[in-house]
Every structure is written in structure tokens, then in C-alpha cells.
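Chemist: Pasting the relevant annotations from Swiss-Prot:
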SIGNAL    1-30  signal peptide
CARBOHYD  119  N-linked glycosylation site
ACT_SITE  183  active site
ACT_SITE  384  active site
CARBOHYD  435  N-linked glycosylation site
CARBOHYD  443  N-linked glycosylation site
ACT_SITE  446  active site
REGION    477-504  region 'Disordered'
CARBOHYD  495  N-linked glycosylation site
TRANSMEM  518-538  transmembrane segment
TOPO_DOM  539-639  topological domain 'Cytoplasmic'
REGION    580-639  region 'Disordered'
COMPBIAS  628-639  compositional bias 'Basic and acidic residues'
């Protein structure tokens, strides 16, 4: 016999302990990722020099494999202080890569996967953090039975994400934090802001996050005001004329909507019968005898016409962005987890169809409380139909905050709109009162930064209080009511050497702290393993001195096999994260549409057909597990 019965017990126990420790190591290592694990070493198609970027997943729900994807760009220049902008797109279920690759990010995708610098990107004086949320959106993922349903759930996930993200990147935790986005993010952003403010008040032991402002473009905040704005907007812009049969049919749909609202729908985030007002206008204005690509009004930009999808093919950059983000080398560069089984799609219909928000109230209900604590800027492109400026202005006019109603300077006296000139052209209007700013962009769509990146950058810098006077550079030609105000700059310019040196020291200290923390974990693990091995060796020597036996390997082999060590090494645990194989297809062109009817959309783009009775304000995908009659109704104010 190779081993006596006495030592066999403790050897088995200790070996089992060693195996458990080894099994524990991957989990520890996975949890203790460092910045280096997220660093983007190379981005296909990007011009040189490469910007400093990090990307990857952060787990927010271990039980259901909920992981949020982020893409972070470090600012190019430092003004008087560090600032971070968290950008979120709408949907619910539309990827923030829209913002990164088509709006405010430093790169735009051109033919052949070539990236070009975006003239007017928001990363000049601010770090940019794009997050695909809720879970399941874009590159984010979750078990297919665990999509979110309420706005409070979404906000809780974002707080968890930020806690973990700041632990990984502590150098940014004290930055002035701004949250920006558009469309359905008009619900996301106020909910997240409220959750952050609550977190700052309750968690005294934790460092408060300095939330300094919110920016919401063409936001879906007050459903009632937005529903009732469709007819006035259509009249103002000549989409239909009052008194016509067309107008009467649309007005009848509005009467049905009002009945639903009065019957308890005032607190709903969306109401199906009210969504049909815009649907009816699009139906009534459709010209089926026109060229197939010019039959329907583009709901995101009324200056444009589209096929029967009425704007779902827009913006045109999407034809380049989608195949780029599905490329295997791009997926690898962005550190996409292998648990993410499906290729990137702009909008996920499964996320949208589950996110009903039936127990959530519209963000407008508590927006005044947020404005009391945080400056808010709302901006609107005046050619957007789906979340149009008429509805936003009605919401503001009806809103009471900080001791007044609407933009009144005193009871009955309104703060006047100020003309905004940018680089010699009329850019829009600017209006402020009691911590709220409202900006209208002339000749602009649902995605204002897509149309005017330089103008939105000027707006951002004014709102954040960036002043380049202390650091040099040519100021932008920007006037509000004929006055320059703080000097802003849109373009390359020198940086503040002192600010850069001070920040460099802070970054190095924070990075050293992060690396030290991961080193301490590795040291603890090494000590545990060394102690177990040492104890094994010591007991082995004692046993040999007291007893001699067969020194063959037969006994050891029997022990290892009996404990199932080989099986342990081969064992692989799989979970149903997403029920599909990874799709690396490259879309060389926008698929041709069949033109079979209103809202017919090619599944190649991940969007589903809509029938005449229901229309999605955004885009659904073939991931949608709901019935086809439900797929169309979700409000995807889209991008």
C-alpha cells in the first residue's frame, strides 16, 4: 500500500483545499481586472496618433449575467478642471455607439472602415464615457429571460456600473460629471441623476460624485405634451392643413388619445392610442405613387423623404457603422466578452419590448426636483417630428420649478429668447431661467450633433463653463444676443502646461493605487498557495520519517482520479447568455426594401415589420421575443 490510512485523510483534505484555491483564482483574477485589461492598443481604421481609449464590459448583475459595455475616450486638452460626459442614447434599447460613431465622438466611420476625426467632437475638454444600456443593448448582454422592465431598475444598474467603473479608473471619480443624451434618454437621464443624488446623500462613507449638469436633446420626457404637439407641429410646418379630411381623421385619433389620458393615462410613460397620432399623420402624408425611396416622411427630419419605413434607414452613416462594429478585429480591439453571442445592432427589439415601464412615472413628474439641485440644458433640432420642439416647449411652459413657472422672470413676464450666431450664421435661440437652459437649433434633425457637431460643442462648453482665456487658443466665433460671453474654442489649440502637469501627477497616483490594489490581491493568493504547499511538504516529511511504504505512482494516480481532478480541469460551465451565435456579418450596403407596406423593414438591419395599427418610434430587432403585434408599438425615439 502506497499510503497508510492515517495520512490519507489529511492529504486528501489538503489536496482538496489546494484544488479549491486554484479553482478560486480565475474568479479573483476576473473580478480584479485592471485598466490594462481595457486599454485599446489599436483601433482598425483609426488615424494616427491613436487617442487614449478604454473599452469592455463591467458586470452589474452576476445572477443573470448582466454586463454593460462602455467605451471611454480621454480628453485631448485640460481647461481649468477635469470634466467627464456620460452619453446615453435612447430606445429603450438603442446603442450609445450611435453617439460615439455618428454624433459627439472623436471618430466618424467612412467607406471601407476608415475612421476620420470628427470636427467638433466633445472630447476636447471632456472625457467621454459611452455606455450601452439597459443590459442587452448594443454590445451589452444579459440572459435572455432577464431583460429589464422599469426605469428604476435601469438607474440602479447604472449606479452599480459607475461604482465599479470609478474603482477601476479612480482618477476620474472627482471629475465634474455631466450626463448627456437624446430621445428616450429623456427618461433615462433624470432617473439616473436622481439615483446619483440619492446615493450621494445616503452613502456618507463613499466619495460623492460631483454631478454638475444634464444635457438632453429632443428628449422624450413629458409624453402628454409630446402627444398633443404632433398636430400643431404638422400645421406649423405645412405637413397638413386644418379643415381638410386628412386633418379631421388625425384630429379624431387625438380625441381618442385624450380620452385614454383622462381615463388614467396621464402618468404613463407611453400610451398606445396616443402614439397613433403621429402614425396617422405619417400614413396620411404617404405618397404610394412616388418613387419607392420617397414615399414617406422621415419622422426624424421632415426635410427628408424615405421609403415605407418613414426614417428607419436614417442617418446614412449607419450603413458604415453597422458593418464596422461587426468586424472581428474591431470586436477584439474593444475587448468584447465571448459571452456576447450576437453581433452589434443599433437597436435591440427584445430590450425594447420588455422595457414597458408600466410601474414607472414619466421623468417630467420629478424633473423640477432635479433642476433644483443640478443645472439642466434641453436642446431641440427644429426639424425633428417624433420628439419635436413644440412638445418640449409646451412641457417647459407648463412646468413649475425653483419658484416660478416656465421661463418667466417674474409673474407674467417671460425671459426673452436670445439669438445665437455661430461662425457668422444664425444657429438658433438660447433661453435661460432658474437653472434651466433651452436651446433650439435651426435646420436640425432628431440627432443634432450629427448635423452640427461644432455648434453642439460650443453649446456644451458654454454650459460647462469652459473658458480658454487662461490657456490660449483662438476663440470660436459664437455670439449670444450679440455678446461673446466666456471664450470657447472648437478646434485644435494649445493646452495649459500647469494644468496638464498637475493632472499628470494625479493620474499617476490614481493608477499606482489601482495597480497596487491588484498586486495586493495577487500577493494574498500567492501566500495562501505557498502556505498550503509548505504544510503539505512538512507533513509529508514527517510521515516519511515515521513510515516507509511503496514509493510507486500508483497510489497518487488513484487518489487524483478518485477526486475527479481530471474531470475538474475539463469541466466547463455554460449559461444561456444570448440565444444566438455570434454574427460577424459585414453589411456592404443598406438592404433593399420590399416596399410591401407601411413600416416594412428589412430584418437584415435587425428591425422588424410594423403594421398600420402600431408604429415604433425607433427600431426593433429580430431578437424581439414578443408577439409581432407588440413589436411595433415601442417608443424607440431611436437614436
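Even glycines carry a Cβ here, placed using N, Cα and C.
If you look at the structure here, what lies around each of the features I listed?
Modeler: For residue 119 (N-linked glycosylation site), the count of additional Cβ atoms within 10 Å of its Cβ stands at 11 [all protein chains shown].
DSSP assigns residue 183 (active site) to coil in the three-state reduction, outside any helix or strand.
Neighbour list (residue 384 (active site), Cβ cut-off 8 Å, at least 6 residues apart, same chain): 218, 300, 301, 302, 444, 445, 446.
Close to residue 435 (N-linked glycosylation site) in the fold, though at least 6 residues off in sequence, lie 371, 372, 374, 375, 376, 401, 402, each with a CB less than 8 Å from its CB.
In three-state terms derived from DSSP, residue 443 (N-linked glycosylation site) belongs to neither a helical nor a strand segment and is classed as coil. For residue 443 (N-linked glycosylation site), the same-chain residues 6+ apart in sequence whose C-beta sits under 8 angstroms from its C-beta are 303, 382, 383, 451.
In the shown protein chains, 29 other C-beta atoms lie within 10 A of the C-beta of residue 446 (active site).
The average per-residue pLDDT of the prediction over the topological domain 'Cytoplasmic' (539-639) is 37, rounded to a whole number.
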